[in-house]
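*Asks:* To start, I am sharing the structure in question, which I have written as C-alpha coordinates.
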Amino acid sequence: MKFLPTTKEEMKNLGWDSIDVLLISGDTYLDTSYNGSVLVGKWLVEHGFKVGIIAQPEVDVPDDITRLGEPNLFFAVSGGCVDSMVANYTATKKRRQQDDFTPGGVNNKRPDRAVLVYSNMIRRFFKGTTKKIVISGIESSLRRITHYDYWTNKLRKPILFDAKADILSYGMGEMSMLQLANALKNGEDWKNIKGLCYLSKEMKQDYLSLPSHSECLADKDNFIEAFHTFYLNCDPITAKGLCQKCDDRYLIQNPPSESYSEEIMDKIYSMEFARDVHPYYKKMGAVRALDTIKYSVTTHRGCYGECNFCAIAIHQGRTIMSRSQSSIVEEVKNIAGTPKFHGNISDVGGPTANMYGLECKKKLKLGACPDRRCLYPKKCLHLQVNHNNQVELLKKLKKIPNIKKIFIASGIRYDMILDDNKCGQMYLKEIIKDHISGQMKIAPEHTEDKILGLMGKDGKSCLNEFKNQFYKINNELGKKQFLTYYLIAAHPGCKDKDMMDLKRYASQELRVNPEQVQIFTPTPSTYSTLMYYTEKDPFTNQKLFVEKDNGKKQKQKDIVTEKRKNRK
(Lines of atoms letter the chains of each structure in order from A; the text may use other names.)
(Lines give C-alpha, C1' and ligand atoms only; values in the text may rest on other atoms or scores of the structure.)
Protein backbone atom coordinates (compact mmCIF):
# COMPACT_ATOMS: atom_id res chain seq x y z
CA MET A 1 0.00 0.00 0.00
CA LYS A 2 1.55 3.28 -1.14
CA PHE A 3 -0.58 5.63 1.00
CA LEU A 4 -2.97 5.07 3.89
CA PRO A 5 -6.40 6.47 2.96
CA THR A 6 -7.29 9.96 4.11
CA THR A 7 -10.58 10.36 2.18
CA LYS A 8 -13.74 8.29 1.74
CA GLU A 9 -12.97 7.99 -1.97
CA GLU A 10 -9.63 6.32 -1.20
CA MET A 11 -11.37 3.94 1.19
CA LYS A 12 -13.85 3.07 -1.54
CA ASN A 13 -11.01 2.40 -4.00
CA LEU A 14 -9.57 -0.06 -1.48
CA GLY A 15 -12.94 -1.77 -1.11
CA TRP A 16 -13.31 -0.63 2.50
CA ASP A 17 -16.62 0.58 3.91
CA SER A 18 -15.07 1.36 7.31
CA ILE A 19 -11.70 1.48 9.07
CA ASP A 20 -10.51 -0.30 12.20
CA VAL A 21 -8.11 2.39 13.40
CA LEU A 22 -8.15 6.14 12.78
CA LEU A 23 -4.77 7.86 13.09
CA ILE A 24 -4.79 11.58 13.92
CA SER A 25 -1.50 13.47 13.73
CA GLY A 26 -0.13 16.95 14.37
CA ASP A 27 2.16 16.59 11.33
CA THR A 28 1.03 16.59 7.74
CA TYR A 29 0.90 13.17 6.09
CA LEU A 30 4.47 12.40 5.00
CA ASP A 31 4.53 8.77 3.92
CA THR A 32 7.99 7.86 5.17
CA SER A 33 9.45 5.58 7.81
CA TYR A 34 10.37 8.71 9.80
CA ASN A 35 6.69 9.34 10.56
CA GLY A 36 5.73 7.38 13.68
CA SER A 37 1.99 7.42 12.96
CA VAL A 38 2.60 6.06 9.46
CA LEU A 39 4.91 3.32 10.78
CA VAL A 40 2.24 2.16 13.22
CA GLY A 41 -0.51 2.47 10.61
CA LYS A 42 1.28 0.46 7.97
CA TRP A 43 2.37 -2.15 10.53
CA LEU A 44 -1.30 -2.64 11.43
CA VAL A 45 -2.25 -2.88 7.74
CA GLU A 46 0.48 -5.51 7.27
CA HIS A 47 -1.32 -7.55 9.92
CA GLY A 48 -4.77 -7.32 8.39
CA PHE A 49 -6.24 -4.15 9.90
CA LYS A 50 -7.82 -1.29 7.96
CA VAL A 51 -6.22 2.02 8.91
CA GLY A 52 -6.95 5.60 7.86
CA ILE A 53 -5.25 8.86 8.73
CA ILE A 54 -6.31 12.48 9.29
CA ALA A 55 -3.36 14.87 9.41
CA GLN A 56 -3.53 18.28 11.09
CA PRO A 57 -7.34 18.43 11.33
CA GLU A 58 -8.94 21.85 11.57
CA VAL A 59 -9.82 22.53 15.19
CA ASP A 60 -13.31 23.52 16.38
CA VAL A 61 -15.03 22.12 13.28
CA PRO A 62 -15.99 18.48 12.65
CA ASP A 63 -15.38 18.34 8.89
CA ASP A 64 -11.78 17.08 8.91
CA ILE A 65 -11.64 14.81 11.91
CA THR A 66 -14.87 12.98 11.04
CA ARG A 67 -14.41 12.55 7.29
CA LEU A 68 -13.41 8.87 7.48
CA GLY A 69 -16.11 8.01 10.01
CA GLU A 70 -15.81 6.33 13.39
CA PRO A 71 -13.25 3.50 13.55
CA ASN A 72 -14.27 -0.03 14.49
CA LEU A 73 -11.59 -0.41 17.17
CA PHE A 74 -9.84 2.78 18.30
CA PHE A 75 -8.61 6.29 17.59
CA ALA A 76 -4.81 6.76 17.70
CA VAL A 77 -3.76 10.34 18.48
CA SER A 78 -0.24 11.77 18.12
CA GLY A 79 1.01 15.33 18.42
CA GLY A 80 3.54 14.57 15.67
CA CYS A 81 7.24 13.80 15.37
CA VAL A 82 8.04 16.75 17.64
CA ASP A 83 6.32 17.77 20.87
CA SER A 84 3.73 20.37 19.84
CA MET A 85 4.95 22.94 22.37
CA VAL A 86 8.54 22.56 21.17
CA ALA A 87 7.29 22.79 17.58
CA ASN A 88 5.33 25.97 18.34
CA TYR A 89 7.67 27.88 20.68
CA THR A 90 11.37 28.70 21.00
CA ALA A 91 13.40 28.12 24.16
CA THR A 92 12.58 31.68 25.22
CA LYS A 93 8.85 31.08 24.62
CA LYS A 94 8.53 33.07 21.42
CA ARG A 95 6.04 31.76 18.89
CA ARG A 96 7.69 29.98 15.96
CA GLN A 97 6.57 31.30 12.59
CA GLN A 98 7.70 28.28 10.58
CA ASP A 99 6.89 24.58 10.77
CA ASP A 100 8.81 22.12 8.60
CA PHE A 101 6.07 19.50 8.98
CA THR A 102 3.25 21.75 7.70
CA PRO A 103 2.48 22.36 3.98
CA GLY A 104 3.64 25.82 3.00
CA GLY A 105 5.93 25.99 6.03
CA VAL A 106 3.73 28.41 7.99
CA ASN A 107 3.13 27.38 11.60
CA ASN A 108 -0.67 27.64 11.51
CA LYS A 109 -1.89 24.03 11.57
CA ARG A 110 -0.60 22.49 14.80
CA PRO A 111 -2.44 23.52 17.98
CA ASP A 112 -0.65 23.93 21.29
CA ARG A 113 -0.89 20.69 23.30
CA ALA A 114 -2.07 18.92 20.18
CA VAL A 115 -2.70 15.60 21.95
CA LEU A 116 -5.15 17.22 24.37
CA VAL A 117 -6.86 19.20 21.62
CA TYR A 118 -7.34 16.23 19.29
CA SER A 119 -8.53 13.93 22.08
CA ASN A 120 -11.09 16.50 23.17
CA MET A 121 -12.20 16.96 19.55
CA ILE A 122 -12.91 13.23 19.32
CA ARG A 123 -15.11 13.38 22.43
CA ARG A 124 -16.86 16.44 21.03
CA PHE A 125 -17.44 15.39 17.43
CA PHE A 126 -17.93 11.64 17.91
CA LYS A 127 -20.52 12.09 20.64
CA GLY A 128 -21.13 9.02 22.73
CA THR A 129 -18.37 7.00 21.05
CA THR A 130 -17.47 3.78 22.84
CA LYS A 131 -14.28 3.31 20.84
CA LYS A 132 -11.03 3.67 22.75
CA ILE A 133 -8.94 6.81 22.39
CA VAL A 134 -5.24 5.89 22.42
CA ILE A 135 -2.63 8.64 22.70
CA SER A 136 0.94 8.01 21.59
CA GLY A 137 4.04 9.66 20.16
CA ILE A 138 6.72 11.67 21.92
CA GLU A 139 4.32 14.28 23.35
CA SER A 140 2.34 11.63 25.22
CA SER A 141 5.26 9.33 25.97
CA LEU A 142 7.26 11.96 27.86
CA ARG A 143 4.23 13.19 29.82
CA ARG A 144 3.03 9.85 31.09
CA ILE A 145 3.75 10.58 34.77
CA THR A 146 3.71 13.83 36.75
CA HIS A 147 5.99 16.11 34.76
CA TYR A 148 7.35 19.64 34.75
CA ASP A 149 5.78 21.82 32.08
CA TYR A 150 8.09 24.66 31.10
CA TRP A 151 5.40 26.64 29.31
CA THR A 152 3.25 27.04 32.43
CA ASN A 153 6.15 26.69 34.88
CA LYS A 154 4.40 24.08 36.98
CA LEU A 155 4.02 20.35 37.48
CA ARG A 156 1.22 18.87 35.43
CA LYS A 157 -0.69 15.66 35.97
CA PRO A 158 0.05 12.56 33.89
CA ILE A 159 -1.32 13.42 30.45
CA LEU A 160 -4.00 10.72 30.55
CA PHE A 161 -5.79 12.72 33.25
CA ASP A 162 -6.06 15.79 31.01
CA ALA A 163 -6.50 14.18 27.61
CA LYS A 164 -9.87 12.47 28.07
CA ALA A 165 -8.20 9.43 26.52
CA ASP A 166 -8.39 5.79 27.58
CA ILE A 167 -4.93 4.40 26.85
CA LEU A 168 -1.41 5.74 26.37
CA SER A 169 1.08 3.83 24.21
CA TYR A 170 4.62 4.87 25.12
CA GLY A 171 7.97 4.34 23.45
CA MET A 172 8.19 2.54 20.12
CA GLY A 173 4.55 1.63 19.49
CA GLU A 174 4.35 -0.89 16.65
CA MET A 175 4.11 -4.03 18.79
CA SER A 176 1.99 -2.64 21.64
CA MET A 177 -0.50 -1.10 19.18
CA LEU A 178 -0.71 -4.36 17.21
CA GLN A 179 -1.33 -6.35 20.39
CA LEU A 180 -3.96 -3.80 21.46
CA ALA A 181 -5.70 -3.99 18.07
CA ASN A 182 -5.81 -7.78 18.26
CA ALA A 183 -7.13 -7.71 21.84
CA LEU A 184 -9.91 -5.24 21.02
CA LYS A 185 -10.81 -7.13 17.85
CA ASN A 186 -11.13 -10.39 19.81
CA GLY A 187 -12.80 -8.87 22.87
CA GLU A 188 -9.83 -9.79 25.08
CA ASP A 189 -8.34 -8.05 28.10
CA TRP A 190 -5.66 -5.56 27.03
CA LYS A 191 -4.58 -4.26 30.43
CA ASN A 192 -1.46 -6.42 30.69
CA ILE A 193 -0.01 -5.45 27.31
CA LYS A 194 3.51 -4.10 27.69
CA GLY A 195 4.12 -0.51 26.64
CA LEU A 196 0.66 0.72 27.66
CA CYS A 197 -0.60 3.05 30.40
CA TYR A 198 -4.16 3.49 31.61
CA LEU A 199 -6.13 4.87 34.57
CA SER A 200 -7.57 2.76 37.37
CA LYS A 201 -9.38 3.24 40.66
CA GLU A 202 -7.00 0.77 42.28
CA MET A 203 -3.26 0.17 42.39
CA LYS A 204 -1.95 -2.84 40.52
CA GLN A 205 -0.47 -5.63 42.59
CA ASP A 206 3.34 -5.94 42.52
CA TYR A 207 3.76 -2.63 40.69
CA LEU A 208 6.02 0.03 42.24
CA SER A 209 4.27 3.06 43.69
CA LEU A 210 5.66 6.49 42.79
CA PRO A 211 5.13 9.50 45.06
CA SER A 212 1.66 10.78 44.23
CA HIS A 213 1.01 13.86 42.13
CA SER A 214 0.02 15.84 45.24
CA GLU A 215 3.20 14.69 47.05
CA CYS A 216 5.30 15.84 44.08
CA LEU A 217 3.57 19.22 44.21
CA ALA A 218 4.21 19.51 47.93
CA ASP A 219 7.93 18.64 47.92
CA LYS A 220 10.47 18.77 45.11
CA ASP A 221 12.41 15.91 46.70
CA ASN A 222 9.37 13.70 46.14
CA PHE A 223 9.40 14.69 42.48
CA ILE A 224 13.10 13.77 42.28
CA GLU A 225 12.34 10.38 43.85
CA ALA A 226 9.48 9.81 41.41
CA PHE A 227 11.67 10.60 38.43
CA HIS A 228 14.54 8.39 39.59
CA THR A 229 12.16 5.43 39.94
CA PHE A 230 10.53 6.23 36.60
CA TYR A 231 13.88 6.46 34.80
CA LEU A 232 15.23 3.24 36.30
CA ASN A 233 12.15 1.34 35.15
CA CYS A 234 12.38 1.97 31.42
CA ASP A 235 14.46 -1.08 30.56
CA PRO A 236 12.49 -3.89 28.85
CA ILE A 237 14.29 -6.63 30.81
CA THR A 238 14.48 -5.21 34.34
CA ALA A 239 11.61 -2.71 34.55
CA LYS A 240 8.72 -3.17 36.94
CA GLY A 241 5.27 -1.73 36.38
CA LEU A 242 4.53 1.63 38.00
CA CYS A 243 1.55 3.26 39.72
CA GLN A 244 1.06 6.92 40.53
CA LYS A 245 -1.91 8.30 42.41
CA CYS A 246 -3.54 11.47 41.13
CA ASP A 247 -6.73 12.70 42.81
CA ASP A 248 -8.80 9.56 43.41
CA ARG A 249 -7.36 7.41 40.62
CA TYR A 250 -4.07 5.82 39.65
CA LEU A 251 -1.97 5.98 36.55
CA ILE A 252 -0.92 2.42 35.74
CA GLN A 253 2.21 2.05 33.61
CA ASN A 254 2.88 -1.46 32.38
CA PRO A 255 6.53 -2.45 31.83
CA PRO A 256 7.95 -1.37 28.45
CA SER A 257 7.64 -3.40 25.28
CA GLU A 258 10.46 -5.81 24.55
CA SER A 259 13.32 -4.57 22.40
CA TYR A 260 12.78 -5.43 18.76
CA SER A 261 14.86 -8.19 17.23
CA GLU A 262 16.80 -7.64 14.02
CA GLU A 263 14.13 -9.66 12.23
CA ILE A 264 11.32 -7.37 13.41
CA MET A 265 13.32 -4.24 12.60
CA ASP A 266 13.90 -5.57 9.09
CA LYS A 267 10.20 -6.32 8.64
CA ILE A 268 9.18 -2.85 9.82
CA TYR A 269 11.54 -1.06 7.46
CA SER A 270 10.81 -3.35 4.50
CA MET A 271 7.25 -2.01 4.30
CA GLU A 272 6.39 0.14 1.28
CA PHE A 273 6.67 3.90 1.73
CA ALA A 274 5.91 6.52 -0.91
CA ARG A 275 8.64 8.85 0.43
CA ASP A 276 6.36 11.73 -0.42
CA VAL A 277 3.54 13.90 0.87
CA HIS A 278 0.07 12.44 0.36
CA PRO A 279 -1.55 14.11 -2.70
CA TYR A 280 -4.43 15.43 -0.56
CA TYR A 281 -1.95 17.52 1.47
CA LYS A 282 0.66 18.07 -1.24
CA LYS A 283 -1.58 20.56 -3.03
CA MET A 284 -1.51 22.74 0.11
CA GLY A 285 2.18 23.57 -0.32
CA ALA A 286 5.73 22.26 -0.04
CA VAL A 287 6.78 20.42 3.12
CA ARG A 288 10.35 21.31 4.06
CA ALA A 289 10.93 18.25 6.25
CA LEU A 290 10.70 16.07 3.15
CA ASP A 291 13.92 17.58 1.80
CA THR A 292 15.82 16.04 4.70
CA ILE A 293 14.13 12.66 5.08
CA LYS A 294 12.99 11.72 1.56
CA TYR A 295 16.23 9.88 0.85
CA SER A 296 17.36 9.09 4.39
CA VAL A 297 17.69 5.60 5.85
CA THR A 298 17.27 4.48 9.47
CA THR A 299 19.84 1.89 10.55
CA HIS A 300 18.78 1.49 14.18
CA ARG A 301 16.79 2.84 17.11
CA GLY A 302 17.75 3.62 20.70
CA CYS A 303 20.71 5.38 22.33
CA TYR A 304 22.81 4.57 25.40
CA GLY A 305 24.51 7.97 25.44
CA GLU A 306 22.02 9.11 28.11
CA CYS A 307 22.81 12.82 27.90
CA ASN A 308 20.83 14.39 30.73
CA PHE A 309 19.11 16.92 28.44
CA CYS A 310 17.95 14.27 25.96
CA ALA A 311 14.75 12.19 26.06
CA ILE A 312 15.77 9.50 23.55
CA ALA A 313 16.69 7.01 26.29
CA ILE A 314 13.19 7.40 27.77
CA HIS A 315 11.37 7.29 24.43
CA GLN A 316 13.34 4.92 22.21
CA GLY A 317 15.17 3.09 24.97
CA ARG A 318 18.79 2.55 26.01
CA THR A 319 19.13 -0.66 24.00
CA ILE A 320 20.21 -0.42 20.36
CA MET A 321 17.80 -2.16 17.97
CA SER A 322 19.61 -2.57 14.66
CA ARG A 323 18.57 -3.67 11.20
CA SER A 324 20.62 -6.20 9.26
CA GLN A 325 23.11 -4.95 6.69
CA SER A 326 21.16 -6.74 3.96
CA SER A 327 17.94 -4.90 4.91
CA ILE A 328 19.68 -1.51 4.76
CA VAL A 329 21.40 -2.35 1.46
CA GLU A 330 18.07 -3.43 -0.03
CA GLU A 331 16.39 -0.16 0.99
CA VAL A 332 19.18 1.92 -0.55
CA LYS A 333 18.94 -0.16 -3.75
CA ASN A 334 15.20 0.55 -3.89
CA ILE A 335 15.81 4.28 -3.44
CA ALA A 336 18.54 4.25 -6.09
CA GLY A 337 16.08 2.72 -8.55
CA THR A 338 13.41 5.39 -8.20
CA PRO A 339 12.95 7.72 -11.22
CA LYS A 340 13.63 11.10 -9.57
CA PHE A 341 16.50 10.01 -7.32
CA HIS A 342 19.45 12.42 -7.60
CA GLY A 343 22.16 10.03 -6.41
CA ASN A 344 22.67 11.26 -2.84
CA ILE A 345 21.46 9.52 0.32
CA SER A 346 20.95 12.35 2.83
CA ASP A 347 21.60 10.24 5.93
CA VAL A 348 22.31 6.68 6.98
CA GLY A 349 21.98 6.54 10.74
CA GLY A 350 19.86 6.78 13.85
CA PRO A 351 19.81 8.78 17.08
CA THR A 352 23.60 8.27 17.19
CA ALA A 353 25.01 7.08 13.87
CA ASN A 354 27.95 5.06 15.18
CA MET A 355 25.96 3.01 17.69
CA TYR A 356 24.67 0.87 14.82
CA GLY A 357 25.28 -2.79 15.64
CA LEU A 358 27.09 -1.95 18.89
CA GLU A 359 25.53 -3.22 22.08
CA CYS A 360 26.68 -4.67 25.38
CA LYS A 361 26.19 -8.44 25.53
CA LYS A 362 25.62 -8.24 29.28
CA LYS A 363 22.86 -5.66 28.78
CA LEU A 364 21.17 -7.76 26.11
CA LYS A 365 21.01 -10.66 28.56
CA LEU A 366 20.45 -8.96 31.93
CA GLY A 367 19.17 -5.49 31.06
CA ALA A 368 20.70 -2.05 31.57
CA CYS A 369 22.78 -1.60 34.72
CA PRO A 370 20.83 0.29 37.40
CA ASP A 371 23.95 1.84 38.96
CA ARG A 372 26.00 3.06 35.99
CA ARG A 373 25.77 4.30 32.41
CA CYS A 374 27.38 2.80 29.31
CA LEU A 375 29.48 5.84 28.34
CA TYR A 376 29.55 8.19 31.32
CA PRO A 377 31.70 9.09 33.16
CA LYS A 378 33.83 6.65 31.14
CA LYS A 379 32.94 3.87 28.74
CA CYS A 380 32.06 0.66 30.57
CA LEU A 381 34.50 -2.20 29.95
CA HIS A 382 31.59 -4.51 29.11
CA LEU A 383 30.74 -2.40 26.04
CA GLN A 384 33.05 -3.58 23.28
CA VAL A 385 33.22 -0.85 20.63
CA ASN A 386 34.25 -1.91 17.14
CA HIS A 387 33.27 0.15 14.09
CA ASN A 388 34.26 -2.52 11.57
CA ASN A 389 30.63 -3.54 10.92
CA GLN A 390 29.72 0.06 10.11
CA VAL A 391 32.68 0.50 7.76
CA GLU A 392 31.64 -2.69 5.95
CA LEU A 393 28.09 -1.38 5.58
CA LEU A 394 29.21 1.98 4.19
CA LYS A 395 31.47 0.29 1.64
CA LYS A 396 28.60 -1.92 0.47
CA LEU A 397 26.31 1.09 0.10
CA LYS A 398 28.86 3.02 -1.95
CA LYS A 399 28.97 0.21 -4.53
CA ILE A 400 25.23 0.32 -5.28
CA PRO A 401 24.51 1.51 -8.85
CA ASN A 402 23.22 5.12 -9.17
CA ILE A 403 24.65 6.07 -5.78
CA LYS A 404 26.89 9.14 -5.90
CA LYS A 405 27.26 9.88 -2.21
CA ILE A 406 26.19 8.39 1.12
CA PHE A 407 26.06 11.12 3.75
CA ILE A 408 26.03 10.64 7.51
CA ALA A 409 24.07 13.52 8.97
CA SER A 410 23.08 11.82 12.25
CA GLY A 411 25.09 12.63 15.35
CA ILE A 412 28.36 10.78 15.96
CA ARG A 413 29.80 10.02 19.41
CA TYR A 414 33.43 10.94 18.93
CA ASP A 415 34.34 9.47 22.34
CA MET A 416 33.35 6.05 20.98
CA ILE A 417 35.65 6.55 18.00
CA LEU A 418 38.53 7.34 20.37
CA ASP A 419 37.69 4.28 22.51
CA ASP A 420 37.84 1.95 19.50
CA ASN A 421 41.53 1.03 19.27
CA LYS A 422 40.91 -1.48 16.47
CA CYS A 423 38.73 0.31 13.94
CA GLY A 424 38.06 3.81 15.26
CA GLN A 425 40.66 5.44 13.03
CA MET A 426 39.51 3.41 10.03
CA TYR A 427 35.90 4.52 10.62
CA LEU A 428 36.85 8.18 11.04
CA LYS A 429 38.96 8.06 7.88
CA GLU A 430 36.05 6.50 5.96
CA ILE A 431 33.69 9.24 7.19
CA ILE A 432 36.09 12.05 6.32
CA LYS A 433 36.96 10.59 2.92
CA ASP A 434 33.49 9.79 1.61
CA HIS A 435 30.57 10.65 3.90
CA ILE A 436 30.64 14.35 4.76
CA SER A 437 30.66 17.41 2.54
CA GLY A 438 32.89 20.21 3.70
CA GLN A 439 32.12 19.95 7.39
CA MET A 440 31.44 17.40 10.09
CA LYS A 441 28.94 18.35 12.77
CA ILE A 442 29.59 17.14 16.31
CA ALA A 443 27.86 17.97 19.58
CA PRO A 444 30.21 18.59 22.51
CA GLU A 445 27.42 20.89 23.89
CA HIS A 446 29.89 22.68 26.19
CA THR A 447 33.58 22.86 27.05
CA GLU A 448 33.55 23.41 30.81
CA ASP A 449 33.91 20.15 32.72
CA LYS A 450 31.50 21.16 35.49
CA ILE A 451 28.71 21.83 33.00
CA LEU A 452 29.58 18.75 30.95
CA GLY A 453 29.26 16.70 34.14
CA LEU A 454 25.76 18.08 34.72
CA MET A 455 24.93 17.20 31.12
CA GLY A 456 26.26 13.65 31.55
CA LYS A 457 28.98 14.13 28.94
CA ASP A 458 32.73 13.58 28.66
CA GLY A 459 35.22 16.33 29.52
CA LYS A 460 36.83 18.59 26.95
CA SER A 461 40.08 16.60 26.76
CA CYS A 462 38.18 14.06 24.66
CA LEU A 463 37.01 16.83 22.32
CA ASN A 464 40.54 18.15 21.89
CA GLU A 465 41.93 14.72 21.05
CA PHE A 466 39.21 14.12 18.47
CA LYS A 467 39.73 17.53 16.89
CA ASN A 468 43.43 16.80 16.44
CA GLN A 469 42.72 13.41 14.88
CA PHE A 470 40.10 14.86 12.54
CA TYR A 471 42.41 17.51 11.12
CA LYS A 472 45.36 15.11 10.95
CA ILE A 473 43.38 12.70 8.75
CA ASN A 474 42.08 15.61 6.66
CA ASN A 475 45.64 16.71 5.96
CA GLU A 476 46.68 13.16 5.07
CA LEU A 477 43.79 12.94 2.58
CA GLY A 478 44.47 16.39 1.15
CA LYS A 479 41.02 17.63 2.16
CA LYS A 480 40.01 21.00 3.61
CA GLN A 481 37.05 20.00 5.75
CA PHE A 482 36.03 21.49 9.06
CA LEU A 483 34.40 20.62 12.34
CA THR A 484 31.31 22.54 13.42
CA TYR A 485 30.08 22.35 16.99
CA TYR A 486 26.61 22.20 18.51
CA LEU A 487 26.57 23.96 21.89
CA ILE A 488 24.00 24.64 24.61
CA ALA A 489 23.57 27.86 26.60
CA ALA A 490 21.74 28.26 29.91
CA HIS A 491 21.81 24.60 30.90
CA PRO A 492 21.16 24.19 34.65
CA GLY A 493 24.36 25.09 36.50
CA CYS A 494 25.64 27.30 33.68
CA LYS A 495 26.52 30.94 34.39
CA ASP A 496 27.77 33.79 32.20
CA LYS A 497 31.36 32.98 33.21
CA ASP A 498 30.98 29.42 31.92
CA MET A 499 29.87 30.78 28.54
CA MET A 500 32.79 33.23 28.53
CA ASP A 501 35.16 30.34 29.21
CA LEU A 502 33.47 28.35 26.44
CA LYS A 503 33.92 31.29 24.06
CA ARG A 504 37.58 31.62 24.99
CA TYR A 505 38.21 27.90 24.53
CA ALA A 506 36.38 27.88 21.19
CA SER A 507 38.44 30.81 19.93
CA GLN A 508 41.84 29.74 21.23
CA GLU A 509 41.73 25.94 21.09
CA LEU A 510 39.04 25.07 18.56
CA ARG A 511 39.75 28.18 16.48
CA VAL A 512 36.10 28.80 15.63
CA ASN A 513 33.43 31.40 16.30
CA PRO A 514 30.49 29.14 17.18
CA GLU A 515 27.18 29.76 15.47
CA GLN A 516 25.24 26.60 16.35
CA VAL A 517 24.30 27.57 19.91
CA GLN A 518 20.87 26.74 21.25
CA ILE A 519 19.31 27.77 24.53
CA PHE A 520 18.39 24.84 26.76
CA THR A 521 14.70 23.95 26.57
CA PRO A 522 13.32 22.08 29.62
CA THR A 523 11.30 19.38 27.86
CA PRO A 524 9.41 16.81 29.96
CA SER A 525 11.11 13.69 31.32
CA THR A 526 14.81 14.53 31.23
CA TYR A 527 17.25 14.82 34.12
CA SER A 528 18.25 18.32 32.98
CA THR A 529 14.61 19.41 33.19
CA LEU A 530 14.46 17.90 36.67
CA MET A 531 17.47 20.09 37.57
CA TYR A 532 15.80 23.13 36.03
CA TYR A 533 12.62 22.75 38.09
CA THR A 534 14.14 21.64 41.41
CA GLU A 535 17.32 23.79 41.19
CA LYS A 536 19.22 20.77 42.50
CA ASP A 537 21.62 18.20 41.14
CA PRO A 538 19.42 15.08 41.54
CA PHE A 539 22.47 12.82 41.89
CA THR A 540 24.17 14.77 44.72
CA ASN A 541 21.25 16.80 46.10
CA GLN A 542 23.45 19.91 45.93
CA LYS A 543 21.82 23.24 45.09
CA LEU A 544 22.31 24.48 41.52
CA PHE A 545 22.25 27.89 39.93
CA VAL A 546 19.57 27.85 37.22
CA GLU A 547 19.09 30.78 34.86
CA LYS A 548 15.35 31.28 34.43
CA ASP A 549 15.20 34.80 33.02
CA ASN A 550 14.73 34.55 29.25
CA GLY A 551 16.68 37.73 28.57
CA LYS A 552 19.64 36.43 30.55
CA LYS A 553 19.40 33.07 28.79
CA GLN A 554 19.68 34.94 25.50
CA LYS A 555 22.67 36.82 26.90
CA GLN A 556 24.44 33.51 27.61
CA LYS A 557 23.96 32.52 23.98
CA ASP A 558 25.03 35.95 22.72
CA ILE A 559 28.27 35.75 24.71
CA VAL A 560 29.33 32.89 22.45
CA THR A 561 27.86 34.12 19.16
CA GLU A 562 29.10 37.70 19.87
CA LYS A 563 25.79 39.37 19.11
CA ARG A 564 26.30 41.66 22.11
CA LYS A 565 29.87 42.52 21.24
CA ASN A 566 29.25 46.26 21.35
CA ARG A 567 26.80 46.22 24.23
CA LYS A 568 27.52 46.79 27.89
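From the backbone N, Cα and C atoms, a Cβ is placed for every residue, glycine too.
What Swiss-Prot lists as [4Fe-4S] cluster binding site is Cys303, Cys307, Cys310. Per Swiss-Prot, domain 'Radical SAM core' is recorded for 289-562, and the stated evidence type is sequence analysis. The annotation region 'Disordered' is assigned in Swiss-Prot to 546-568.
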*Asks:* Under a criterion of Cβ-Cβ distance under 8 Å and sequence separation of at least 6, what residues of the same chain contact Cys303 ([4Fe-4S] cluster binding site)?
*Replies:* Cys310, Ile312, Ala313, Gln316, Arg318, Ile320, Gly350, Pro351, Thr352, Met355
*Asks:* A 10 Å Cβ contact count, applied to the binding-site residues Cys307, Cys310: which residue has the minimum?
*Replies:* Cys310
*Asks:* I want the residues beyond Cys303, Cys307, Cys310 whose C-beta is within 8 angstroms of the mean position of the [4Fe-4S] cluster site's C-beta atoms, in chain order.
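*Replies:* Other same-chain residues near the [4Fe-4S] cluster site: Gly305, Glu306, Phe309, Ala311, Ile312, Ala313, Pro351, Thr352.
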